[in-house]
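Okay, so here's the structure we're looking at.
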């Protein structure tokens, strides 16, 4: 075997290891190292050769003799580098070197090393290797071999159990049966898992909680939560893991009622589920708008001694923000800080978005500034969220300032186009179309491919080449590109000009799905097109839907509808629409009045109808 090449270097390393000043005196004057020190030194080596050199160097130290622990460290290191031939040489020298054969921990180290190397047949041969030293393999060695086998081939593991263990009179223990259950469940052989459970009971063994939990997890993973719930009733002592498995399974199914029932049962049994499981319950409650119940669940966890982390708090804060209760969410930010769960960048990003959704842009900006005070670095999501909030909220100039901060920060946009598209949307929404097109052109330096396609789409729409424009759009989206509001607006106008209203309608849905709500100038084209096709009801519903989403109509949004209704003689509907129009602060113009007056003139009995007189007076 290799001999030590640089003993003085290892001596210095040893002195650092045991925190002693290095001495230039002979090695015999230094303290005798412990076996733990030498084992640690061997494990620190970077190669198998260095580990061997260190081992041999320690052999030459006065008054030091190797032990099972130092041999185990060397064998572990040799296995790491797959020097299995050398391992056998080292094992063979142990009886003569330390006066005893390798112990079970050394053989287990070898089994695990062979397992990591995927040398499965050699793993099984370790049983024969133990016998070579006139030793009987312990149950712990058998179990370690079994544990490696089930991860590779459950059938091979079961064969090993029958032929090597049972035939040798080794029945196994809870750990043995737990390993086999794990192997069956890993391969989704659940029915065989139940047979395995029954076989244990026939032998008079009581399956432990780990075995039950393994089978429960497999059932839930395969969507058999009801059967898992029934199996739990057989358990003598379900533990926290049991309830974690079942609560999480009900959450995956979206069955919040059963998740809450199981959570309550867990607390009743004195088991406290982990925070990851409870966070899933909180998330599903918040998604259903049941934030108050989510708070109660969190409080129950805390009152039962459970720990609450930043993810749980963030989930709850997100729930409040979703309900547009960002001010209440801030209270939990403060609670986090009091309880020692420090908020992170996601906490603030959620609050910034929440304040925007609640129409409180100044508070969103305050959160942005507070991050700096709290020492939390802004990330791309922070900038993207705030730019989007400001531009969507009619404060595009402020959005420009945040964009500049992002560009000055480390990483900038990271090649992502969305903050720039938010700026375009803000300019489009404020009807600053010339500035929007100018900004789009400037973006070409940062996103040449995306902007080239956007410009082509806009140009083709102006030329009326809608088939070509749609083809470029489809190519852009298929490759993951994100169209800007200008692209959508150009396509919608272009399709309406060609009287392809269905296509325009679909594009407007895509636009809204992308987070961009059309301005009146864009959706008016669709309303006019629908009215021309006689689809007045669809046009009215579209307008109501857009207004409900926060889009601002103008007089040209209502006039085509009023004209169409009046042309059909449906004065009552026209009148109601006029009242809605006025209620939205839209002032009727001459075209509005002309449509209504012509409709009234065509009504033969309007003079005789008292209500019509009142309407006439209102019109005047």
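Here the Cβ of each residue, glycine as well, is placed from N, Cα and C on the backbone.
Lifted from TrEMBL, the feature list:
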REPEAT    173-207  repeat 'PPR'
REPEAT    208-238  repeat 'PPR'
REPEAT    239-273  repeat 'PPR'
REPEAT    274-308  repeat 'PPR'
REPEAT    309-343  repeat 'PPR'
REPEAT    344-378  repeat 'PPR'
REPEAT    379-409  repeat 'PPR'
REPEAT    449-483  repeat 'PPR'
REPEAT    484-518  repeat 'PPR'
REPEAT    519-553  repeat 'PPR'
REPEAT    554-588  repeat 'PPR'
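Listed by sequence, the residues of this chain that lie at least six past the ends of the repeat 'PPR' (173-207) yet keep a Cβ under 8 A from its Cβ atoms are 139, 142-143, 146-147, 149-151, 154, 157-158, 161, 165, 214-215, 217-219, 222, 224, 236.
The average pLDDT the prediction assigns to the repeat 'PPR' (519-553) is 88. Within its own chain, the repeat 'PPR' (208-238) has Cβ neighbours under 8 Å at 174, 177-178, 181-182, 184-185, 188, 190, 193-194, 197, 200, 245-246, 248-250, 252-253, 255, 258, 262, 269, 271, counting only residues six or more beyond its boundaries. Long-range neighbours of the repeat 'PPR' (309-343) within the same chain, counting only residues 6 or more positions beyond its ends whose Cβ lies under 8 Å from a Cβ of the stretch, are 275-276, 278-279, 282-283, 285-287, 289, 291, 294-295, 298, 301, 350-351, 353-355, 357-358, 360, 363, 374, 376. Among residues of the same chain six or more beyond the repeat 'PPR' (519-553), those with a C-beta under 8 A of the stretch's C-beta atoms are 428-429, 431, 488-489, 492-493, 496-497, 499, 501, 504-505, 508, 512, 560-561, 563-565, 568, 577, 581, 584, 586. Non-local neighbours of the repeat 'PPR' (484-518) in the same chain are 388, 392, 421, 424-425, 428-429, 433, 436-437, 440, 454, 457-458, 460-462, 464, 466, 469-470, 473, 525-526, 528-530, 532-533, 542, 546, 549-551; each lies 6+ residues outside the stretch with a CB under 8 Å from one of its CB atoms.
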